[in-house]
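Now, the feature entries from Swiss-Prot:
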REGION    1-69  region 'Disordered'
COMPBIAS  12-28  compositional bias 'Polar residues'
COMPBIAS  29-45  compositional bias 'Basic and acidic residues'
COMPBIAS  51-69  compositional bias 'Polar residues'
REPEAT    66-89  repeat 'LRR 1'
REPEAT    92-113  repeat 'LRR 2'
REPEAT    115-136  repeat 'LRR 3'
REPEAT    138-159  repeat 'LRR 4'
REPEAT    161-183  repeat 'LRR 5'
BINDING   Glu272  Mg(2+) binding site
Amino acid sequence: MSNAQPHFAPSHLQNGTPNSVHSGVNRPTTEHWAEQRTRSADSTKRRTRKSATGQQHSEPRTARTTSRGQYVDFGGQNLKVITPTLFINYSFLTKLYLNANKLTYLHQAIGQLRNLTHLDLSLNNLHSLPPEIGMLVNLKQLLVFDNQLTDLPEELGSLYQLELLGIEGNPIPDDIKQIMMEQGTVELIKHFRETAAGPEAPPERDWIVLDEITDPAQETVTALSYNILCDKYCTQSQYGYTPSSALAWETRRELILGELKQRNADIVCLQEIDQDSFNEYFREKLAHYDYKGVFWPKSRARTMAEREAKLVDGCAIFYKNSKYVLLDKQLIDFANTAINRPDMKGEHDIFNRVMPRDDIGVVAFLENRATGSRFIVGNVHVFWNPAFTDVKLVQVAILMEGISKFATKWSKFPPCKDKVVYRFTNGDDEDGKEADTTQEPGPSKEYGAGADIPVILCGDFNSMPSSGVYDLITQGTIAHSHQDLGSRKYGNFTRDGISHPFSLKSSYSAIGEMTFTNYVPHFQGVLDYIWYSTNTLQVVGLLGDIDKEYLRRVPGFPNYHFPSDHVALYAQYIVKGRKEKKVSEVDFGPSRDRERR
């Protein structure tokens, strides 16, 4: 058996490619190309040894688990086709060997194997690789030695963790081969990433109508929530699959502004917006589209010098100035609130787990200038770490407790005395036209209790629909023994349970939630929500999911079309009618006398 000959002629590779493909590059051998030749020769030797022992006709190995992961070896089976079922049903695989077969085509479903770290396609008859190969961002080794590849897809640029791309033995264009020879795999992948045109722009997201608005006089309100990915967090090391030009803040902020202008929501809640971007860019730019805003940075900014503090991200609420007047605004500092609660004094979990987090919530109290309806608008960014479900729950409990206290206070707020819009020089739109303020101001509405005031609560809650955070907000209560709290001690929260007085619902629950709101290679799921009070508002329209066909070749965001790793949520509501009497006497101030003259 040791003297057995390989089952293909020595002068030709198994796929019929002459050995001259290996030796015909008339250049000095470099370190990188020497590695290509060595690894290619190793691959051929392994196949030859298996041929000599008759292993090429053995049954294909089923999925096996080793200390390094799960793998399937279909090498040397003379396979001409691989069914897509393998890729779809075995998405858990970390290694896949399809080398030394007779494959001429690789199905696009290969993109389903997003856990792969090692893929060997050597010694086949492949003439091309599908663009979906770029979805395999966990790949460390991609071996395509000794095929018939005449080019490589630009989507390989997404494979930022790739350590070895084995291309020797293919009629690859000289410019690509030159980069590999002189600079190696890492630089070739970078070349693809930085020069790729990227995917075609996706279709516009569908607008989903849940209920028709039949009365043109019906009061409506639209809200948009968006984690815009702070510039400080948007690094090449974190988002290595994205071209550097698409990560640049100057590029991303223009895309973000473009979406905000396109949606034209009455209320906009942004998370991960830093102080500098709020003051120097968004506040000024959005003022041209009738927006005013409030902002607070995360609590660590208080201890920093001004130059560092302006780079700290936080939460901002923008609102249409011609439609709403700001009655009050409040900051909810979770850590500071927690350590100052009498029932939590001495609780070690507060000091060890909650206090070190600087996450915040921002709450605004608005009034519709024309109808007198009032709104509580909350915007929050909850702690991110999946291992701290208890901290997330405590933060949201403090948020809801704070909103409840503010709501009680605001239910007793006096009527707004002057709701005529004041116009500023930067309040005109880009064409120099003034905002439309034709509606006459109406009397302020009264609310008997805080829970009667319409609530819109936006944010990145970093919590899935199966979480305790979701349960608390939608059900209004959770038990002190909830699994997300574990065995931690958080004062009354873990003694008596947690509750709030509002009747809240996720806007997107009407369609079973979004497919995802956060889209990165290692996670695609729902973390962001717009909640609304069902006793005062009815959701009638939603901005739908991103096109699935587009996503088939996009391993993660951000990219040239989506400037954040989160997507914007956008919803429309009608304000339900109320029987409460309106305040009969309203003082609109000096402006009323001016109108009479």
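Just so it is clear, glycine is given a Cβ too, placed from its N, Cα and C backbone atoms.
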Beyond the flanks of the repeat 'LRR 4' (138-159) by 6 or more, those residues with Cβ under 8 Å of it: 13-15, 17, 21, 39-40, 43-44, 99, 114-132, 165-173, 176, 188-197, 241, 243, 521, 553, 555
Segment-level pLDDT (mean, integer) for the repeat 'LRR 4' (138-159): 97
Helix, strand and coil counts within the compositional bias 'Basic and acidic residues' (29-45) (DSSP): 15 helix, 0 strand, 2 coil
Surrounding CB atoms that lie within 10 Å of the CB of the residue listed as 'Mg(2+) binding site', all protein chains: 24
Per-state residue totals over the repeat 'LRR 3' (115-136) - DSSP helix, strand, coil: 5 helix, 3 strand, 14 coil
Beyond the flanks of the repeat 'LRR 5' (161-183) by at least 6 residues, Cβ under 8 Å: 13, 17, 21-22, 25, 27, 30, 32-33, 35-37, 39-40, 43, 122, 137-152, 189, 191, 240
